[in-house]
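Visitor: Mind looking over this structure? Questions follow.
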């Protein structure tokens with residue numbers, strides 16, 4: 001082969017003159033020339049000759065446009081698709097095999113793998129509506145499709161049949177945008193039938209997140225008993241309380257009672273009945289006609305009612321937690337003065353979110369969660385202008401990123417404890433000025449009312465509070481004279497307190513929580529030193545046992561349990577307001593530092609609930 005002659009001077013063709021005249025001399029870097037229609041690249045070859053590559057950028061679009069014109073005018077077509085669907089008259093569409101094969105793996109296999117259709121001029125197609133096939137053929141030529149909501153399911157089904165993934169994704173995205181309580185189950189079932197995993201998952205997630213609304217729709221009542229049992233068994237079902245799930249099951253049975261009454265017992269075992277309140281169970285046992293007609297179901301619920309009211313230890317009921325994630329919230333706190341911060345920590349990625357501030361700065365407050373809502377109870381506003389003990393109860397909604405005021409406590413309570421039984425908040429002890437409370441009051445969110453219950457046997461401020469087996473435990477604190485190691489337990493059915501085994505260590509301002517059916521007391525102040533020791537109470541043996549100590553001494557700390565681990569946040573070590581956050585792993589009996597607060601502080605209110613709505617946060621932070 002003869003080598004290409006080296007160009008000398010300008011090429012003979014004058015149309016290349018602008019290109020060649022701009023080529024720099026010597027063997028340098030590649031030079032790119034581009035226009036709106038094409039681009040050319042000049043590069044040196046190994047033998048010193050220059051070559052160029054030329055690309056017409058819109059050639060493919062133009063070529064397919066011409067092929068579409070040929071299709072519409074029935075020129076150069078090499079196949080006719082004869083499409084028959086149910087009782088609809090067959091329709092014929094002329095096309096080019098190469099174009100169909102380029103857009104659909106099914107057509108490619110049909111026309112290239114030696115199948116009988118490869119040599120056929122007329123190919124019969126069944127199982128797809130002619131209008132759908134017409135649109136898919138148009139898409140093969142134009143890369144564009146327009147689908148109305150009434151026929152999107154048919155188009156998506158056809159795109160799945162012919163493996164046109166881009167159309168499947170477009171239809172899936174459209175259907176996700178159309179999800180609402182009335183159609184989510186139908187879309188989920190359709191996606192499962194055609195094997196569209198992503199759409200099926202998105203529709204199921206919508207059902208879980210909007211269960212309360214979905215359970216009122218016709219599609220819900222058309223579920224089979226197996227489908228319903230599977231649905232209500234989900235941990236990520238988003239409900240305010242388990243009674244929503246119970247009512248949904250009873251309503252489903254009532255929809256066709258003669259046929260469905262046989263499934264009541266199986267459904268009740270999928271409901272987390274131990275998460276129902278005794279009062280609710282008692283009402284249903286007395287008034288629900290479905291239960292009255294089924295002795296086995298009635299006996300089953302009576303047994304659960306007795307276990308709850310007798311406070312028997314039961315297997316831990318898995319918490320319903322939507323997959324939006326659960327974060328550790330810290331409200332208020334103290335550093336030189338009371339703070340109004342509300343922040344949330346995500347242990348899964350170590351990030352912090354700054355959320356809507358408390359309406360009034362507070363420290364020494366309690367944090368509680370009912371129905372996914374975060375409540376800030378009592379506290380004190382320490383400010384340069386003076387100190388004011390608070391009787392306020394404020395409610396934070398993660399979905400709106402907003403606080404709203406609720407009914408006030410009967411008395412101000414600084415450094416009180418808070419716990420939740422049967423959806424009711426208990427505010428325990430605390431102080432108002434020099435008055436140290438033994439009183440306890442209960443808040444009913446549905447009525448927005450506080451009511452006093454039996455007082456503790458001991459006055460306590462800086463008291464740690466925990467709830468286990470529907471019993472309220474008050475641990476340690478300060479009675480106005482002495483720091484305490486005593487602890488007592490409240491029985492709501494009897495409305496009375498009883499002393500339990502005292503702790504091994506005097507602790508005021510300790511962090512108290514429940515993990516794996518044990519009560520943990522971490523840190524605190526014994527009257528001389530801040531503590532880093534931790535002990536736990538076994539309700540079965542009624543004994544306190546030391547576990548591994550924290551890395552830092554701390555009192556007035558925040559504490560929370562998240563995914564089987566204990567987190568302690570901030571506090572005071574006797575010299576410094578801490579910003580450290582430690583995590584306890586019960587499997588290894590070890591503490592580790594995992595993150596830091598955005599600033600040191602003590603006396604924070606801490607609780608765990610769902611992740612806030614990012615859209616609301618972004619909108620409220622927007623200064624546009």
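Positions of Cβ are set from backbone N, Cα and C atoms, glycine also.
Summarising the annotation, Swiss-Prot assigns domain 'BTB' to 77-149 and lists sequence analysis as the type of evidence. The S-(2,3-dicarboxypropyl)cysteine annotation in Swiss-Prot covers 151, 257, 273, 288 and is backed by similarity to another entry. The annotation S-nitrosocysteine is assigned in Swiss-Prot to 151 on the grounds of similarity to another entry. The site 'Sensor for electrophilic agents' annotation in Swiss-Prot covers 151, 257, 273, 288, 434, and the record cites similarity to another entry as its basis. Among the features that Swiss-Prot reports, repeat 'Kelch 1' is placed at 327-372. The repeat 'Kelch 2' feature in Swiss-Prot is assigned to 373-423. For 424-470, the entry in Swiss-Prot reads repeat 'Kelch 3'. Taken from Swiss-Prot, the feature S-cGMP-cysteine covers 434, and the record attributes it to similarity to another entry. The repeat 'Kelch 4' annotation in Swiss-Prot covers 471-517. Taken from Swiss-Prot, the feature repeat 'Kelch 5' applies to 519-564. The annotation repeat 'Kelch 6' is assigned in Swiss-Prot to 565-611.
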Visitor: Short question: most Cβ pairs under 8 Å with the repeat 'Kelch 1' (327-372), which of 424-470, 471-517, 519-564, 565-611?
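Guide: Looking only at 424-470, 471-517, 519-564, 565-611, the most contacts with the repeat 'Kelch 1' (327-372) come from 565-611.
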Visitor: Within 10 Å of each Cβ, count the other Cβ atoms, then let me know which of the modified residues 151, 257, 273, 288, 434 comes out lowest.
Guide: 434
Visitor: How many of the residues that make up the repeat 'Kelch 5' (519-564) does DSSP mark as helix, as strand and as coil?
Guide: 0 helix, 22 strand, 24 coil
Visitor: Look over the recorded stretches 373-423, 424-470, 471-517 and say which has the most C-beta pairs under 8 A to the repeat 'Kelch 6' (565-611).
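Guide: When the Cβ pairs under 8 Å are tallied, 373-423 comes out ahead.
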Visitor: Between residue 151 (S-(2,3-dicarboxypropyl)cysteine) and residue 434 (S-cGMP-cysteine), how many Å separate their Cα atoms?
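Guide: Between the Cα atoms of residue 151 (S-(2,3-dicarboxypropyl)cysteine) and residue 434 (S-cGMP-cysteine), the distance comes to 73 Å.
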Visitor: Spatially speaking, which of the modified residues 273, 288, 434 is closest to residue 257 (S-(2,3-dicarboxypropyl)cysteine)? Use C-alpha to C-alpha, please.
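Guide: Ranked by Cα distance from residue 257 (S-(2,3-dicarboxypropyl)cysteine), first place goes to 288.
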Visitor: Between residue 288 (S-(2,3-dicarboxypropyl)cysteine) and residue 434 (S-cGMP-cysteine), how many Å separate their Cα atoms?
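Guide: Cα-Cα, rounded: 51 Å.
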Visitor: Could you pull the average pLDDT for the domain 'BTB' (77-149)?
Guide: 93
